[in-house]
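**Q** Got a structure here, written out as structure tokens. Questions coming.
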């Protein structure tokens, strides 16, 4: 085989663009602030690591003296990362192991070193403890603030304006509040406050106008704060958290300003009555807290791979405080957002979620004895034949979720390509105005979405005043006219929720889709439950009821609230494609442990239908829409190819490489100037291109800059050595062996692409070198893998690049 020629021709498709390109970083930051989707033309790395690497390999992958190891780092900046680039997972793990070995070696020297060793051992637990404490406190503040501002749209407590309606009524021991009007003497609606009357057309108009005005004010404040101070605070944040946990660096996305603005903004957006929830953004908020607190511990703050262990635990705490579901939070982090989740991270995530839930329960923002958001208590177990309507709800949920995802993605794609995307604040205000105008006339959309879900899940009792519980007194399960009127209103509410959520998710304010999805599913389930209830009431002797209905004391054999709970899980499962974590969250959310089987049946049916009608859930769809650099571990490769078919450059093209001992400093600087590769293979010589190792572009640039400052007599014609040099050479050579990775991952040109993709997923590779009989042929990068998968799926390969 002929030798591959050495050349410095520019090939932008080999490995990746440099981290120090000012124009590319500047453009990426500008577009990121607008799209909140960072997907640069970089080679991305998954944050997984291999358990088969030897100590020699790990030492070779971390050749520099580490900070905190008692020695001075010779080349400042190595081991850190630029914005919009990826971490070297295996290298960071090697650095941490070397630091850990150094601490263990010195702990016998003195008592102080022993204390340092003990601190290093429990610093991870202390960090997640602090994350749990702060997350629980912030969640309680958000819950209290949201409740107060939501009630502020309807009225005010004159004696103490900072109290919401429920708290205001506690002082007068009047806690029963009707749907349309309150019977609390301490609380004044705006119509009462201005006209001393809460009845009549004029009072209705006053309340209507105040409702719209407060909604517009809250939405304008939220959109303005996001636009001016924290562009990263918009959206749900879950797709971006998934991308960050897979190894991508987005400076500022988990910063203090994002934390502050997202916490304040989500309270305002929910209070504005927009069709969104605060539960998804709580994952982002908790991750911000985890990122900020990790800097108190250099073990995590200065090591990006270790930091992601804290971020995984923080994501679990976010779901824990959002729903009062610590176990579901851990499973959510494991199933949905975390790419690398070892057993140690599982324990710490559970501890973090437990602490956060305990703090939230201690503060008691809901004002009741239950720590869950929608506590329900059904007195009758479900019957076996009900699995049929439960599975039917799962099918309906999958269809609704597919319609929602496809419509939302089309609208978001239109927003990005149209002039509408240039006026995000105006879009928020228009959407808020339309939502408020259409929501107020319907009592089920006028109330907060969380209150609506609680109403749908609840079981009717004698104290219920809502139309949903308008049953005849002669036979408690025969619906009266109020029930049918409520079903019509709920159907209209479902249509409004579906349409407004399609347009709302993705606007430039904090917004989540958990609560809107639960609301849509809850409405569907409640309607189906009422239908089944009336069927049992009017035809109790049908064979599938098995004489369980219509008998004395068994009139309520069908519980519509249970169907609402199952329908809510079905739609949310279809939207997010969660399974195990969703079932656990639902029974923790409601306290309905005995209904796990109906929830499992509906969630699985929803997932199967959703997968059949659409390939991905909402979070994965937004990852694809924004071109996030994420390699999905669940995706299967259908077609096959060989590594030689995917590698760059092709066989007939040239490859840019470095030689181990025959290139001058000037030659390397010219190569760096004329190419934009993120790294360069090092070979023996131009004639014998047998692989020696691999060097990163950033490390090479930092080493050259450091050498120019510290080495006297360094000239452009000085030779650069990537090997040990014993003889005297003039002018003074530049020795760069310590930045050389002498154990790069290599494959042969005949390796099947299924194996290559599996290696990238499980080893977290940044790139792999392709050889034939030991000679270097080319490179396969993470970007090449993403392009290959797109081509296999008959999609546009350029969609994985930043644009």
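Note: Cβ is positioned from N, Cα and C throughout, glycine not excepted.
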**Q** Among 98-119, 164-185, 230-251, 384-405, where does TrEMBL put the label transmembrane segment?
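**A** Result: 384-405 is the stretch TrEMBL calls transmembrane segment.
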**Q** Out of 202-226, 277-301, 452-476, let me know the one TrEMBL marks transmembrane segment.
**A** 202-226
**Q** Give me the stretch from 122-142, 202-226, 483-507, 562-587, 593-610 with the greatest number of Cβ pairs under 8 Å to the transmembrane segment (346-363).
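**A** It is 122-142, which has the most Cβ pairs under 8 Å.
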**Q** Is it true that the transmembrane segment (259-276) and the transmembrane segment (425-441) have 3 or more CB pairs under 8 Å, sequence gap of 6 or more?
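**A** In contact, yes.
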**Q** Over the span of the domain 'CBS' (740-798), how high is the average pLDDT in this prediction?
**A** 84
**Q** Grab the same-chain neighbours of the transmembrane segment (483-507) for me: Cβ-Cβ under 8 Å, and only residues 6 or more beyond its ends, written as numbers and ranges.
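**A** For the transmembrane segment (483-507), the sequence-distant neighbours (Cβ-Cβ under 8 Å, at least 6 residues beyond its ends) are 234-236, 274-276, 400, 403-404, 407-408, 411-412, 415, 424, 427-428, 431, 434-435, 438-439, 442-445, 449, 452, 466-471, 513, 516-517, 519-520, 523-524, 526-527, 530, 618, 622.
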**Q** List the helix, strand and coil residue totals of the domain 'CBS' (740-798) as derived from DSSP.
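**A** Summed by class, the stretch gives 24 helix, 18 strand, 17 coil.
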**Q** With the transmembrane segment (384-405) as the reference, which stretch in 122-142, 310-334, 513-532, 562-587, 593-610 has the largest tally of C-beta pairs below 8 Å?
**A** 593-610
**Q** Given a Cβ distance threshold of under 8 angstroms, which distant residues of the chain, six or more beyond its ends, lie next to the transmembrane segment (425-441)?
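**A** Cβ under 8 Å, 6 or more out: 208, 211-212, 215-216, 219-220, 222-224, 227, 272-275, 415, 496, 500, 503-504, 507-509.
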**Q** Relative to the transmembrane segment (122-142), which of 202-226, 310-334, 562-587, 593-610 accounts for the most Cβ pairs at distances under 8 Å?
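**A** Going through each listed stretch, the top one turns out to be 310-334.
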